Amino acid sequence: MLNRLFPHPLMSVTLTLVWLGLVNTITPGNLLLGVILGIVLPLVTSVYWPNRPRLRRPLMVVEYGLIVLWDIVVANVQVAKIIAFKRNEKIHSHWINIPLDLTSPEAITVLAGTITMTPGTVSTMLASDGRAILVHCLHTDDPEGVRDDIKARYERRLKEIFQ
Amino acid sequence: MGMITEIVIAFFLVVSGVFGLVGSFGLIKLQSTLQRLHAPTKATTLGVGGVLIASMLYFLLVKGSFSFHELLITLFLFLTAPITANFIAKTFMQAHLKDSDLPPTGRDHGWSLYDMPPGSTED
C-alpha cells in the first residue's frame, strides 16, 4: 500500500524540496502544494520508471558530488587554456572507448553526465548492449590514461554507490 | 556594503565573464563540430556558475536573505547540459560519421547508433 502510494520516496522528497526552493518562501500553503506535487508526479510517471534504483551507500553521493564539482572547476580552466592558447593543429582529439562494469541504467546515466561535465571529454553514445561508452576527448596525448582515469575516479565510486 | 564584499562579488562576475568569453571564442576557433561541442559544455559551466555564486553572495551579504534559486539553476544546468551535448553529438554522428570512423566497441555488438540492441529484430 505504502509502496503503491510512494513508488519513489526519494523523488517525492526531492520534488517537494525543489518546489519550496522555487517559491523561495516556506509557508504552510506552499509546503502543502509541494507535498501534493511530490505525491502526484511520481505516481503518474511511475509507468515509465518501474524499478527503484538502490543506493547502497548514500553518503558517498556527497563525496562523489564534491569530487565532480572540483573536477568541473579544473576542467574549465584546462579547456579554457586549450581553447585560448593552443593552435588548432596542435589539438589532438581522440575517440576513447571505455568498457563499463556498471549495469544499472541510473549509474550509467550519472557516469555519462559526469564525463560530459568534466576534463575535456564528452560522452557520445553507448554500445548497443550497454556495456561500453564512447567518449570524445578534446585534447590528449595519452588516451589510455584518460580511460583509466575515468574508470578509477568515477566508475569505481559509482559502482560502490549503486551496486 | 563593505569593500571586501564588493571585491569578492566583482571577482566572481569577472571570472564568469572571462570563461563565458573563452567558451564563445572556442565556438568560432575550433575546427570540427565535435571539438566545438567541448567549448559550451565546459567553459560555460564556470561562466554560469560564477554569476550564480556572485548572485548568491549578493543576496546573502547585501540583501540579507538567502535565495534557493541559484542552487536550483545549478542543479537544472547540471542535469540538462550533458543531455543537450549528447543529443547534438548523436545528431552530428548520425549525419556525418560512419561506423568505420569510430573505434570498435570491443564487444559482440556495435555502437548503439549503428547496431540494433541484442534481442531485437531488425526491421
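Placed from the backbone N, Cα and C atoms, the Cβ positions cover glycine too.
Annotated in TrEMBL:
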COMPBIAS  B:99-110  compositional bias 'Basic and acidic residues'
REGION    B:99-123  region 'Disordered'
TRANSMEM  B:6-28  transmembrane segment
TRANSMEM  B:40-61  transmembrane segment
TRANSMEM  B:67-89  transmembrane segment
With helix taken as DSSP H, G or I, strand as E or B and everything else coil, how many residues of the compositional bias 'Basic and acidic residues' (B:99-110) land in each class? 3 helix, 0 strand, 9 coil
Non-local residues, at least 6 beyond the ends, that sit with Cβ under 8 Å of the transmembrane segment (B:67-89): 34, 37, 40-41, 45, 48-49, 52-53, 55-56, 59-60
